[in-house]
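Engineer: My questions all concern the structure below.
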Amino acid sequence: MTKSELIESLAGKYPHLSPRDIEHAIKEMIGCMSEALAGGERIEIRGFGSFSLHHRPPRVGRNPKTGESVHLPSRRVPHFKPGKELRDRVNSIKD
């Protein structure tokens, strides 16, 4: 699902809200979450999951074009851990 599909879906469920208002709310929510993660905070949304930062240690990579070894510095990367309710809901889907 893309952001525009999410906006369409929410606009269908909440006809009293304009798609523009929904888009602004989604952008604001994503902005707040991004700022919190950039500040090192953990975000927990009960029933959905949590976002946190994980440390990735430095390593030696390889340039795929030249085959040359390249030193990659350590970095923090966003990590999502799904909550129990989300895991259960996804696992209940029949293939």
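Note: Cβ is positioned from N, Cα and C throughout, glycine not excepted.
These came from Swiss-Prot, pasted as-is:
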REGION    52-95  region 'Disordered'
COMPBIAS  82-95  compositional bias 'Basic and acidic residues'
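Neighbours and distances for these, please.
Structural biologist: Beyond the ends of the region 'Disordered' (52-95), by six or more residues, the same chain brings 37, 40, 42-43, 45-46 to within a C-beta distance below 8 angstroms of the stretch.
With DSSP states grouped into helix (H, G, I), strand (E, B) and coil, the compositional bias 'Basic and acidic residues' (82-95) comes out at 8 helix, 1 strand, 5 coil.
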